């Protein structure tokens, strides 16, 4: 869908896509884009990014101040060029041609600028005048043909304008008449939903992705330190944490390596391992972070451990292994439903999310662990890690925890009735109004029928094992009048997916259309979904998220596919949203990738989302990021080359003589080649054993399981979330 400049313009406006973050550049894809045919148009600017809403009033090209491709600086440049041209005209010609010239110059601001300048059709010359509809062009040529030489230095257009208006207008014709000016302004279909997130006929929101990391072994968590460095830390289930820098590179040496302590296995579905990571809100000052992992104690008893650690004073990208201080250990009666989320609330307290202890149906005791307030399993715990407690505890229980005065209840409990919440997040709140700030969202994995999304409330009972989603699971407990459970904000059946992965409310800068959407997914089905709250009735509406077509995602660096198994979601320090997924969910298989969400329909105004990371010294070698996923442009190139080979083969087959030159020599078709790349993850020494816009006239050159897991036993197969 895109086209760059010819080589002499490399490094100019159209060789880069500055709207893409993390240094993703469109590096003069002359050959590639020269192979791509005409595609259906979509809103796109001449820098190949989506249009935007200008932050300030446009004084000159005011038709596009609500939505388009110009900010105030570009608007002023266009106005200056207009007045330079108008100096050549007397008053009569000024009145006759002024509007035409303004209209033509301002098409650079149109949300369809790339189409008006035919910047997408790489098989036709790139224009330096926009495509004009025939009637408008004829009127312009008839009244103002002397202005053409002032608008363009293209020889073909300059030669044609003095002779024949028909020829001139033919040169400015567009293949698709809907996109010529001024028709493009009158087309209801093209303008009805302009600037909104694109939807397919089924109402599925169309987004695109950018690959930012790969070769990871079941990446279960990606977090930032909140210290202004804009690094992100990616934890693998096996127990290794890697540092990624703002330029997209990864440090060769891991931030933390606990492989020798973390309990996990290579078999698919093992939920144990390194499961959670959170940085202290005052990390910049105290260097503290917290981890959640599975382990064996000295007696070989399986436990989950929450520890405090510090970053090395000698290297800000290395943890001090000697600094580990165990905060809490909880014995696990089974090997699944291990929970794993750690986060800090706006109150500064740490929230810990534990699973119900495992097996199917929470069979422990009369009403299970989740409903038992004397057990720490199946709970949301809230503790103060800044102060020590009584009896040698390395944390203090906040005095306003809901059950501190209830006999028999553990005082650290904040909420209960939880099966196995997998991935929770704190809402940053609306960037302007702060609405929603501090809410905690979680995805709770279901048993046999339903997956659910919950809002965590103080003292809330989330129903398990009495209920699963909105439905009864244990009928006796379900009909107990004292249950008084908090219902999910959304639940879905197993026809949609069998293992929910909780996400985030988008509060970033780069994709303003997504603000307020809670984006989450399902591990087993690989589906991406979004919830949006109706502020009037407080109900949540669900919409599916689809990865856009070759039309909507044909931007530099964007892809429209992802690995199936969605393990986790993440938010960077700027608030942009990502998800972590793998094609083979084994803790030892380096098949995991990280993807960033991109809205192709609208971006933030240029410069709004820029930030300057706090410098961080690095001792370890930086490994540049090399994407493995094929971009939409890669796929379009392949399709075009395949069609060209097929056409050439058909031509040769229809008559051998046609394939010979006058000298009788034959032309050979180049055969495509392929290469195999061994996927090697960071720190992996061995491959894991895993299963089956130039001047006118120039051209530009299955895994299946029940309840989200593959399990070694029938009972476990019916129990909890698939990895981790």
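Each residue, glycine too, has its Cβ placed from N, Cα and C.
Look at Swiss-Prot and you will find 1-41 tagged as signal peptide.
Within 10 Å of the C-beta of residue 204 (disulfide bond) there are 17 other C-beta atoms, taking all protein chains into account. In the three-state DSSP classification, residue 204 (disulfide bond) falls within coil. Swiss-Prot lists 204-546 (among others) with the feature disulfide bond.
Residues annotated as disulfide bond in Swiss-Prot, with similarity to another entry given as evidence: 208-553 (among others). Taking Cβ-Cβ distances under 8 Å and a sequence gap of 6 or more within the same chain, the neighbours of residue 208 (disulfide bond) are 547, 548, 552, 553, 555, 558, 559, 560, 597, 598, 599, 600, 632.
Following the DSSP three-state reduction, the secondary structure of residue 424 (disulfide bond) is strand. Among the features that Swiss-Prot reports, disulfide bond is placed at 424-442 (among others), with the record citing similarity to another entry.
DSSP assigns residue 480 (N-linked glycosylation site) to coil, not to a helix or a strand. Cβ neighbours of residue 480 (N-linked glycosylation site) (same chain, under 8 Å, six or more residues apart in sequence): 466. What Swiss-Prot records for 480 is N-linked glycosylation site.
Look at Swiss-Prot and you will find 509-609 (among others) tagged as disulfide bond. According to its DSSP assignment, residue 509 (disulfide bond) is coil.
Here Swiss-Prot flags 643-724 as region 'Disordered'.
Feature annotation from Swiss-Prot assigns compositional bias 'Basic residues' to 683-709.
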Distance, residue 509 (disulfide bond) to residue 546 (disulfide bond) (CA atoms, angstrom): 21
Work through the disulfide-bonded residues one by one (442, 609) and point out the residue whose CB has the fewest other CB atoms within 10 angstroms. 609
